[in-house]
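Worksheet: the structure to be examined is printed underneath.
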Amino acid sequence: MKETTMGRNDVRERASATHVSNLSAAAARELKHWSATSEAERNDQAATKVFCNRSLNMKRIDAIGFDMDYTLAMYKPETFEMMSYEETVKKLGSEYGYPSEVLREFTFDPHYMVRGLVVDKKRGNILKMDRHNYVKVAYHGFSALATDERLATYCETSNRPSFDGPAFSALDTLFSMGEAYLFSQLVEAKDLGKFSDFFDGKSYMQMYDEIRAAVDLCHRDGSLKQAVAENPERYIAKDDGLVPLLKGLRASGKQVFLLTNSLWDYSNVVMNYIIDGHVGDAKTLDWLNLFDVVITGSSKPGFFANDSSTIFEVDTKTGHLRNTDNGAPLTPIGSVQDVTHKRALARGLSVVGAGPARVYQGGSYTHLHAMLGIEFGSRLLYVGDHIYGDILRAKKQIDWRTMLIVPELAHEIEILEANKEKPHALRRLRTLRDALDDQVARHSWLAEQTDDSAKNKAELQRAQQLSDAARTAHREGMRAYHREFHYVWGQLMKAGSQNSRFAFQVERYACLYTSHVRNLWGYSPQKVFRAASDYAPHDLDTDEDFHDFDAAALTDPASTIE
């Protein structure tokens, strides 16, 4: 055991020394970036900040890993998601016999759906919930459920859904926006009664499952990947901040790895474009110099749980797997349970920091830890976009530190900055509303208990009128405020005045979160990220003096929050 531990430490020290000795002049200049610019200057815009849920000392992080899709590589929804949607529609027609007369009328709005929603496959509904799984917004197709129906179905019922299991599907990734939109379109088509011979035989759940199968088929048959390979600039946004970020992290002594579910052929296409701008025959393997380890076809989230998975080395020139015998795995790098194989991984199969990264396929976190010489998951930070596939499992099962990429956050913060006064005005209006409700209850009780009922009834009527006006103003003000963020689903991180289900998951499972991976470059690799203090309701005195509130303004709700 002692020898194995020393071997891992040797790997880490060797990697760090190699990083420092191999620093080019350009890399050294990149490393000076942090000391040359004050942190206040770097973080003057909230949209580029890294936010902290759980304190994290970067000095204690030995390796930083990145997912590829929607983390390092940001896809353009107007083109990539449009293509995915259109290919899925084609598959529904060709593979599942959906009427072409219906499908050809469909068009895609890439901005309609948002992450954090939940699909009720059984009822054909799309739901937005708060942190307590209380359904605040519900749509059937593209029609909002009436309040009474929403409450009776999801809230005020003895058989309240658990929102997990096969009847529900969470929209956790940006890849799932198109399929949810298509589901809503098919729900409406079925409800209209056209082509009843076809739709009457299909439940909402069956339609959703067939959409999912069609999406999977698009990925398996290579139609999406081939289109991206032929014209990556059409589908992927170029970002000049990635290379300085990766160079700077390695120059600081951190080990850097890529961990993606995409296979080598597609990963090589995408990474060539986002790193060097190379496409087609101009592709090279130069981008591997920015990483210590690359693992493709990782099968996350299983990568974080199944420590018996076989790992293969990829021949980057041919794309073939090296340690196989006609497809059957050989053992040299297959089992990290064998001490000999652990040593092999740690010292020979990938000497991190010594030139281009070696590329692997499959395996598990145990292989990666052995390659990096890391004994404890808490010494590793993983950056990804999938709350379930990247963040939750990595944190809960192997104690990796985590950073979630939330591209929508940039828009969210922009709207927050433009409407700084509205949340305060809405909170003040809510305080007034609550106080007036208390007055209504008090006068109602007095009217029943005292002889001066006429006076109390008059005061009760007045208080009730003001309470109703405040309630209406607050409700309309909240709706108008949420529409500033999204015309259907409102603020991503809120559901009403509560944190949304998505925000709750971000807070619970992501140590850090930010709008774009490049934002990490705005901070020193030695920074200590500190979480804000936690507050319970009794810690805060939020009562406000409502007596000077202009009650006449309640007749004009818009003026209350403007």
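Glycine is treated like the rest: Cβ placed from N, Cα and C.
Database features (TrEMBL):
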| type | residues | note |
| --- | --- | --- |
| ACT_SITE | Asp67 | active site, nucleophile |
| BINDING | Asp67, Asp385 | Mg(2+) binding site |
| ACT_SITE | Asp69 | active site, proton donor |
| BINDING | Asp69 | GMP binding site |
| REGION | 452-471 | region 'Disordered' |
Long-range same-chain neighbours of the residue listed as 'active site, nucleophile', Cβ under 8 Å, sequence gap at least 6?
Leu259, Thr260, Tyr382, Val383, Gly384, Asp385, His386, Asp390
From the DSSP assignment alone, can you count helix, strand and coil residues within the region 'Disordered' (452-471)?
19 helix, 0 strand, 1 coil
Intrachain C-beta neighbours of Asp69 (active site, proton donor), sequence separation six or more, cut-off 8 angstroms:
Tyr75, Phe175, Thr260, Asn261, Ser262, Val270, Asp385
If you draw a 10 Å sphere on the Cβ of Asp385 (Mg(2+) binding site), how many other Cβ atoms land inside?
24
